[in-house]
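Data block below; observations after.
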């Protein structure tokens, strides 16, 4: 009864031209893997088990199963899907709603069996094209992957290099050498210095005696072998209270209470007056030049200070980007002009005699050790700097095998009709109008931003220049596998949010064998 | 941003700097208050109760079609001519003009669809106090009182409506300027007195009155020096001076509505559905303006103006259509609002032979309305209802009905300022397919053009527009491009050159081409009031004229208020000239004409076969005939989502059914929750388009995570499934002028609880929608109207009783929608990627039984895009009814014919009991048993696969 009724209904549907009836040899839209569930002439149980229906209700253009599994080949179920085998190309599932909607979705045309749409079977063509492009891609991937291995290797070597340089062992060895050499040098130098000091004292005494004799002769105006009060009184520089006059009593005091002294007693007098005594040939008092000179130099320094402050202030206001340059300039400016303070070179300044050969050889050895050490230390400082940079660099995530390290401190440009875009990986993205105008910061390095399973496929640069009434500019860089490292396109999908496409071998994955790529998913 | 600024030109930057400076709200200072609009200030200063107007009954003439009567202003002796018409369909038209104006005053053309047919008036009685006329129907009378002049429309002993009952009829007659030197010499004698005189002053000075008797109306007393102060001959707002060579010309009239506490309409305002009283604030303003970042809940003017007000009480619905296209202000006061009594009396007694009545007793609520317009004439249509349906029909008989849109235009539209280039368009199109979200139209805003030269394409971004359009066509989808009315002044631009050489531009007051700043920089404004200009404009849409256009490309008219960035109030100078008329006279008509000419262009390009689709921002009465309207540049805020309901309801009440708001909000960026809620709301509003400002982040539906993508997908799918019902509602709107989206009171006119509701609405009469418009909403309280009625939740099929406030707990996926018990709604359950793809799909009928186990509905089917439904009667229109346990489909339009492959897939009967069997009877006499399922918990009976063609007679009998 029910069966007959259904037949009637079907014929009715046919009579109305509904196309509801579908000739089923093998249920339309069922993938190979699920074929077993659709057994002809046996009741069909919905794949979610929700109900069981006669088999003639499978693909009868009415949705009976909640999961849509009874209508794999019609558009009746809102949540169904249709399987196209697409022989010659890749099989696919499409939503049921795309069956007979007048649009060719499956390249084998099987989705449009009753819509009047004229579809061409394009599977072979698409397959061929896909194989071609896969082949090209596979080649790119293969080469790219090789390049990537190289990049990884280079990155590793680079790191080792830096580590060796940075070990510091050499410096320590040189320090020992230096210190060993410096020990005897120090002793010899000290001995030499001591004898030189003794010698210098002798010479000084000799010189003093000579000066005393000269002074005695000079003072003994009447050449009576005595220096008298009167003879000494003309030397105003000896005035103990500096009142401008040398009284008799004062002079007498200088002469030890005597009226006159002979050469032997003069020795004592000399020891008192020798520091003040001016030879009579120089008796004109010297011009007092030192005090104003000091004032001048103080003034100059204070001027310089007051000049400098506003410069510092101005410097702070300038764009952050220019800071580096500013620093150099400022350093130069900060060095004050050398103030020429006249150095008094005493006539009695004596130069030390050369070292004896033994000492000299010790000194030479030590100097060499010192030079070596200094050089090593300089190198160490350099390495230290490098280490600091490296530490900064290490702060960057250059990928699982540091394959992206080579991009560090590089920049890549793309020129469009209006702008030149510049990507400096791990640093910044910018845009500069081609025909004049200033550069715009499109974002500073933020982080890797790919999906969880492919983190290193996207970079995010943010906190770029602010947009008028909008957010700060930001750029997403999409990385794809390529033999060359190059920016391939830029766009601004949303106001002030830029998208850049960038190819690099660093994202190339180990290629599957070409056979696998081409035939892996093919199901007939 | 730099690029943005470069694109817009330096002056615009200046404009933006002024307009956008730091705030996210309208700069009110850019727009006039009544006080800043000279005529409004003058008019509003008038006090009620001192009307100087008197009817000269001896001048009464009555012909078959009309009554004419002269009125005189006793203060200045200027005579007016009153014309009264009884119009077919229970309407009365009152026209008042100067008897002998110095020069013709503007009368609005092209809005009425014809000269409204009249019915004869008959004189019932006449004495020295007035005249009583029969209005023919339902014992309706019209009483003309002579002194002061007043009109009362009565039904039996009840006053329905009175005109000039408060004495605020004021007609500034045209005059010769008095403060010119030559005039002063001529009129020296009177100048002293005239200096203190008001134009239509009611301060009667006996001496002055005598003197005035001596002057004749044509040689009118002067206003003297005060004129300037009153802004009669010149007026300055901000830096703009409005020269008024014609002097003062404003008009005003008051209406009293006894028994009325609720008035609606007069869009466009961002305000509640029920209009508020305007005492102590500004009147509602009608003046088409491009208001940047408009504020909510105030009477400021917006992009469009429809001078139609509806009044409603439990007894009667009426309408007032004030046919005037000049700047207009509407004051509303009420004796019940805030319980503030007016100082003037509402009591008016006319005692004439046989007709005694009292109106406005203190117990009766009353609403008083006053219309003020800057120029033109008084031409008012009083639509007497009495039902809401009657008023809709009456208004439709005057200005026409909603254009019947192509079915696809009722589907989902994806817009953004801007889709950047062809690749972007292709990617968005692909995105919809990847995420299995249907859409029909993708839109291109101004950036698609070559330097804002409309009808052109940016050669870099859109080098192959036809390829792009073909790509969309292959997916059975469509595109809309923007064509604004401002035309770049550029001698290498063909459109500009042609308009200039044909003299089609609007002229400035000195006769040169009017120029103003808009998107392209310096722009001209074609004179769309000129029919030759419109014909030429229409011809520009021909496929061989609009390069790169194809049949799946439609049009969007924006900025057609018109927007003039450097003009007064961001619009055209009022003294700009459209032929002989000033913009002042017809300002509010400009946008209507732009859309009219554009729609005509789309019709013509297809040889008159295809229905056009044109969206406009500015509109006027009659704009419904040309396409869709949206609520302009709204903001991504919850309050803006909420206001979309009253704004579209208000438009629907006055003829414009095809209304929508930018889904997501134009300015700013919506929270994900707001975006989802807006999709859910928009899916149940007539024009369903997402749009976003250039500076906002992208917001295609799939950019907010899979959960939100699914929520938006579901909302859009609900829209697509319901398209057969939407289409049918629009057929009715087109056919009979009934609004698609309706306030509840329209269907429940006696249920006072519904009168102020605007957070829920009806679609047709059978679906009630209460969208969730609260942030973090956990539930809504929906009012289900109708005592003794039932409503079914369309998602759960749960039944609820009418006349109750129902609390509905909601989740983020909830869109509370109810189907009225007693209705049948057709749906298409197979939602596909565009509405065109669903064309031949089968129908599912949702039969919601009334408590009396009855239901009725319709099914309308045609080709979905041509005029053949009209010209060749190619459509199917069927009555579906369920009674006596039988559901049947009968032909409602025997003269029509159309073949559809669509069939009836499923019938779901809500509130059913379990039958023992279900039999399908078809016209060939065959009877077939139908399988069915019955869900006892919800009383839902599902009939499996009737399979019968949707266009034939059939019956299903349940036993």
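Indices start at 1 and increase along the chain as displayed.
Here the Cβ of each residue, glycine as well, is placed from N, Cα and C on the backbone.
The coiled coil annotation in TrEMBL covers A:366-393. Computed over the coiled coil (A:366-393), the whole-number mean pLDDT of the model equals 74.
The feature compositional bias 'Low complexity' is assigned by TrEMBL to A:244-253. For the compositional bias 'Low complexity' (A:244-253), the number of residues in each DSSP class (helix H, G, I; strand E, B; coil) is 6 helix, 0 strand, 4 coil.
Among the features that TrEMBL reports, compositional bias 'Basic and acidic residues' is placed at A:295-311.
If you look up TrEMBL, you'll see A:313-333 marked as compositional bias 'Acidic residues'.
As annotated by TrEMBL, domain 'EF-hand' applies to A:207-242.
The domain 'MRH' annotation in TrEMBL covers A:409-510. When DSSP labels each residue, the domain 'MRH' (A:409-510) comes out as 9 helix, 57 strand, 36 coil, counted as helix, strand and coil in that order.
Remote same-chain partners of the region 'Disordered' (A:236-260), defined as residues 6 or more beyond its termini with a Cβ less than 8 Å from a stretch Cβ, comprise 226-229, 268-269, 272-273, 276-278, 283, 285. According to TrEMBL, the feature region 'Disordered' maps to A:236-260 (among others).
Among the features that TrEMBL reports, region 'Disordered' is placed at A:283-356 (among others).
Annotation comment: TrEMBL describes A:1-20 as signal peptide.
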Secondary structure content, the domain 'EF-hand' (A:207-242) (per DSSP, counts of residues): 21 helix, 2 strand, 13 coil
